[in-house]
Amino acid sequence: MNLPSVAVLVLTLVSVCAAHLLNKPDLQNKRAAWQFKSSSRQLRPLGRPLRPLRPLRQPYQRPMQLLKQQRPRKTSQRLNQRSEGDFPLNAQAKDVKLTNSYNNLYYGPITIGTPGQKFNVSFDTGSSITWVPSIRGQRDYATVPNLFQRYNNLSSSSYKANGEAFEQSYEFGQVAGFLSQDSVMISGLKSQNQTFGEAIIIPNNMFIGDPNDGIFGLGFSNGRDEEPTVFDSLVSQGLLPAPVFSFYLNRFDSGEPDSVLTLGGTNPEYYTGDFTFAYLTVPDRWQFKIDRVQLADGARVSRSWTGHQAVIDSSTSLIVGPMEEVNALNEKLGGKRVKGSPGLFELDCSQLDNLPDVEFVVNGHKLSVSSKDYVLKILGEKWSMCLSGILGKRWARNETPFWRLGLSFMRGYYTQFDKGNRRIGFAKTKH
């Protein structure tokens, strides 16, 4: 595939909606065909015919039966039990340089073990576990694709066995393996005896085309898996000044400064103005209340919807919302439904500069997403097409609809995740 002539845009969908959101897109001839890929709920136009997903070469249950089953151990200390004075005064916030992979995901380096084994990982605010592929996946079960670096615990003098099974669900399968303990280093900060996952089962199409090895969890530990995250361990060990991390995300191939994850605080170099804060409505999830979602054309509000929750999710590249509201919003933008793909709309490429911002109103403050972030432009040698990056999802009757704000939202706002105060802060990004 010739990258200069065909822009490879990877669309990311949440796991609960991707399976039925884009079933059989009618994008033949002049349009690229779609193939699903499953890492952080991903979909990519590949410019070749749609192929069925390959099943895992071994049943999920078989390796799990071979793993030692234990009850998860509970952490001895939780961040929300610590007062502000408990955090060290001499520790400093650390920046982690991130690489932008076609606006689809952002990854950065970590090392595990002694000597350190290097991995590129994407940073996921929606999950708590950090995992990388295990060398045992190839040797014992042969289910890990040949696209990854693999952790070899036999090569690490600081490795400690754990053996507990773990699993993480995605829409086209599950990542599964066992927990281990070793030193994990990020940006010069080392978490000793850190629990992480060695993955022996990874969906065959996970991370296709992305130079990414695993996941670095930045979510909250919960009752099912109470091992502390790497971030929580760094705070507990006194290596970070506060239980805060922040993202600055650039636009791909834009000439903007490199993307940065700041651990332990914020970096004023990447934002302007004051933060708008939203307090969490769920204790173990980056979820908050939004007043309304609206289209704005200058000072005029075109249309608005009220009464929903939102989740900030760095593992989702787009914006996903309730089907009826998203359909109405995209129709107001002049979008046309893509045949066979509920919730997906094509927009007129010639009108992109005239499209209004989409505004998420939080505590009376408007958080705007411009068309440069919510429109996905796909270029071929003799054709182009534009898709709305705001996708619709249907919920079951017993589910509460919410908005999932992914990377296309986060690129416009420097986003602060404050675990200590259970809040998220938004400040305008310096681009």
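Residue numbers in this text run from 1 along the chain shown.
Positions of Cβ are set from backbone N, Cα and C atoms, glycine also.
TrEMBL has this to say about the protein:
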SIGNAL    1-19  signal peptide
REGION    66-86  region 'Disordered'
DOMAIN    106-427  domain 'Peptidase A1'
ACT_SITE  Asp124  active site
ACT_SITE  Asp313  active site
Inter-residue Cα distance where the pair is Asp124 (active site) and Asp313 (active site), in Å: 7
Helix, strand or coil at Asp124 (active site) [DSSP, three-state]: strand
Neighbour count (Cβ, 10 Å) for Asp313 (active site): 28
Assigned element (helix, strand, coil) containing Asp313 (active site), judged by DSSP: coil
Around the Cβ of Asp124 (active site), the count of other Cβ atoms that are within 10 Å: 23
